[in-house]
């Protein structure tokens, strides 16, 4: 059975499989034995999932050790399936079998302390190893074309297994079916690119260059989304994550009643808790149960998921995530005035607290698919603050009536920020829009490296190209929800290596208000500017020969250095320095020996600029 068949069989059976996966901590759950699991999956499928689990659970291990453990567990599963054995080994829960297998290995990196513990402490210990191993591996890179094709022709399926191992160990929290999906794309790339390996090598290289992003990009995107969600859960807690999911699910399924949506929210939050802990088996089971519920409840959720539910399971989750929001119920009022005007609101809030706030967020979200989930959370927080102030003893009688005006003001401010950003993007284009962002973010966060600033602002520029072409009804969800991913990266960078007090405040105080908070940051007053040293600004002849993309990157690095040297530079001063640099470059690049020209003109430019900036 080849890799493609392996993966498709996994897709077909994993619904039943995931539902049956047992957990050590819940002995009351119905358990599926390893023999039954083997029969459901068939041998190659079982072995592929085992390889993923061992690669993820044993940080710093080797492919040979992980493959050998996968073989051993598969052999046990085969024996149990063939003999329908009642032996103790065949009746153990699956996760216990996997951990026992790890602990039987000698000299396995960092496992001894965990293996000395009893379950469930042993399982928790291995999960902590997964947490500490994040980021220890270099990212996946495009393989050398000729060597990869040679290995593919000689080894075939073992090479795909090695790819699965490499992805799994680099991403110890990545969902196992996602890894299998990526492996399928990898196998397709190898077949497409290496099928004509007899041809010129540059054709093979070009094929890899064109198709490798289809393999690597989904891994990075899925890993980023998962890390982002886990970051929200860790930093802001379960209540914030549930509120976010409530807004998103209410927008996706506006015809579903509150109880149905609330049930999904609780299930999704529990799934993320398991996934973010690294509990792979629980994560898989939870995710498939949610998909099964959605696909068997289309009549109460949405007809828009019908096509998604007809797809293989692995494609189903992504399809539902990207499906258009269902149409709002006919006759649904755009307002929720009853949450402000009803006389019994304060009593209801006092009795129900979070459940009352959840009902408000549900009702408002299902009415407004044109708002981002983050904006809906800000509206929900504004409503909560309004009730806390207006329901206290002695509050003025008309206190709650100001809520609608404050809501209109916040909506208008948010729409204006996004509209203004898009106007600038459309006027300036990618490169100059990114430069505008570089000026802003270098002043806000001068402690970030040039590479980090260029990376983050490049991602924000990509958001502009993706979202600014959309209509007003799609702009906010697209822009703010993608921007939220980038801000999450910045905040995780801050946790790893603190940036400055302003970033700390914005990343720590409120998830919903993180974007407006960072947007309002100004120049970091605590930053000590760079000193003017002889090598701070260096101009060389390669400024005349670099390809345009590399030249733009070099100029952006110089722009960042200038801003770190003179954080208080005004737009007019920056324009003058930029114009002077452009004139010098054009003049020197016309010379027969540009390097000599730059050596002479460069120091003069620095002197003139320093004089102007000091004026």
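Using N, Cα and C of the backbone, Cβ positions are placed for all residues, glycine too.
What TrEMBL records for 1-20 is signal peptide.
Per TrEMBL, domain 'Albumin' is recorded for 23-216 (among others).
The Cβ of residue 80 (disulfide bond) has 24 other Cβ atoms within 10 Å, all protein chains considered. Residues or ranges marked as disulfide bond in TrEMBL: 80-90 (among others).
The feature disulfide bond is assigned by TrEMBL to 114-125 (among others). Listed in sequence order, the residues of the same chain lying 6 or more apart from residue 125 (disulfide bond) and placing their CB within less than 8 Å of its CB are 113, 114, 117.
There are 21 other Cβ atoms within 10 Å of the Cβ belonging to residue 149 (disulfide bond). The disulfide bond feature in TrEMBL is assigned to 149-194 (among others).
Of all Cβ atoms in the shown protein chains, 20 besides its own fall within 10 Å of the Cβ of residue 207 (disulfide bond). Look at TrEMBL and you will find 193-207 (among others) tagged as disulfide bond.
Residues or ranges marked as domain 'Albumin' in TrEMBL: 217-409 (among others). Along the domain 'Albumin' (217-409), the predicted structure has mean pLDDT 90.
The disulfide bond annotation in TrEMBL covers 230-276 (among others).
Annotation for residue 283 (disulfide bond): spatial neighbours 175, 271, 274, 275, criterion Cβ-Cβ under 8 Å with sequence separation of six or more. Residues or ranges marked as disulfide bond by TrEMBL: 275-283 (among others).
Counting only residues at least six positions away in the same chain, the Cβ atoms of 295, 315, 316, 319, 320, 323 sit under 8 Å from the Cβ of residue 308 (disulfide bond). As annotated by TrEMBL, disulfide bond applies to 308-319 (among others).
If you take the C-beta of residue 399 (disulfide bond) and look for same-chain residues 6 or more apart in sequence within under 8 angstroms, you find 386, 389, 390. Among the features that TrEMBL reports, disulfide bond is placed at 390-399 (among others).
According to TrEMBL, the domain 'Albumin' annotation covers 410-607 (among others).
The Cβ neighbour count for residue 468 (disulfide bond), using a 10 Å radius and every protein chain shown, is 19. Annotation source TrEMBL lists disulfide bond at 422-468 (among others).
Residues within less than 8 Å, Cβ to Cβ, of residue 467 (disulfide bond) and separated from it by at least 6 positions along the same chain comprise 422, 474, 475, 478, 479, 482. For 467-478 (among others), the entry in TrEMBL reads disulfide bond.
There are 23 other Cβ atoms within 10 Å of the Cβ belonging to residue 491 (disulfide bond). Among the features that TrEMBL reports, disulfide bond is placed at 491-507 (among others).
Under the heading disulfide bond, TrEMBL lists 544-589 (among others). Around residue 589 (disulfide bond), the same-chain residues at least 6 positions away in sequence with a Cβ under 8 Å from its Cβ are 543, 544.
Separating the Cα atoms of residue 194 (disulfide bond) and residue 507 (disulfide bond) is a whole-number distance of 47 Å. Residue 319 (disulfide bond): 16 other CB atoms within 10 A of its CB, across all protein chains. Residue 491 (disulfide bond) sits 17 Å from residue 276 (disulfide bond), taking the Cα positions as reference. Comparing CA positions across the disulfide-bonded residues 80, 149, 207, 468, 507, the one lying closest to residue 230 (disulfide bond) turns out to be 507. Residue 507 (disulfide bond) is surrounded by 24 other CB atoms, counting those within 10 A of its CB over all protein chains shown.
Counting only same-chain residues six or more apart in sequence, the Cβ atoms lying under 8 angstroms from the Cβ of residue 90 (disulfide bond) belong to 33, 34, 35, 76, 79, 80. Comparing Cα positions, residue 207 (disulfide bond) lies closest to 149 out of the disulfide-bonded residues 149, 276, 468, 507.
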